[in-house]
Ligand code: RIB
């Protein structure tokens, strides 16, 4: 079985700054690191490191060969990454000593996906497979429809949050992932309680409070507390959680086991600087869980 991920691929430029810059302020960074990021790439790496066969669907520019090589190096299938005339996406990420961040993204090739290529990629999928989509590429609904046509289940990570984008995806979504603020914003925008959303499962993360997985048909909620760690950079933590969690579903883990493993994976990830490069492999996660 396979986890597909239609998702962004970025070069992340991570600056360690004394505080997040105020309007008009010029700040000196104490360190800078460049590496693979993009919510989609982070999710694919997390799914692959969790042990799922993972196929990334996306786009880079001619300057993005290194990013494709990096994804391949993390065990992600790259046959469905196209080369666009637009430059590879990038992100400017400021991180303060409290591990808070502020991110500016330039989408570039991420907004130049091909419906034909997406359909061809998802035609290789079938029952038992999942596609994970977030809001940093074009053609999200096309991908969800193609997935449904082929019996592939759809997970939508509603980040960066946009209520209209979520609304368009809801009819084709099996699992919706949001944080608690986004869940409240979506309820306000749609005038619908989270429990009444027309998707089978809704996962809501609440930072240090942990995570809830709601079954909208039965009303059952499965919860997992957050693990206590000292974060240095929270960039990509939500993506790490999403990729690991969907991999758990694809591998047939129980809800509680999938939640626990995803929580542990993102807990380790935030103790390191960077996004995709900071994601731990399955052995590290097992060791972390055993030590709890
Ligand atoms: O969620 C973190 C990611 O958001 C970063 O890797 C950055 O590239 C942006 O897409």
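The backbone N, Cα and C atoms fix where each Cβ goes, and this holds for glycine too.
What TrEMBL says about a protein is an automatic prediction, not a curated fact.
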(request) May I ask you to find which of 233, 239, 255 TrEMBL records for the substrate site already listed with 10, 11, 12, 38, 39, 40, 41, 42, 136? (result) 239
(request) Scan 10, 39, 41, 235, 239 for binding-site residues whose C-beta lands under 6 Å from an atom of ligand 1 and note them, or write none. (result) 10, 39, 235, 239
(request) Under 8 Å Cβ to Cβ from residue 41 (substrate binding site), same chain, six or more residues apart: give me those in sequence order, or none if nothing qualifies. (result) 7, 8, 9, 10, 56, 58, 67, 71, 76, 275, 276
(message) Suppose we draw a 10 Å sphere around the Cβ of residue 210 (ATP binding site). How many other Cβ atoms does it contain, all chains included?
(response) 15
(message) Return the count of C-beta atoms lying within 10 angstroms of the C-beta of residue 272 (K(+) binding site), excluding that atom itself.
(response) 15
(request) List the other residues in this chain whose Cβ sits within 8 Å of the Cβ centroid of the K(+) site residues 233, 235, 269, 272, 274, in sequence order. (result) 14, 232, 234, 236, 237, 270, 271, 273, 275, 277, 278
(request) Among 179, 208, 210, 233, 272, these being the binding-site residues, pick the one whose CA is nearest to that of residue 136 (substrate binding site). (result) 179
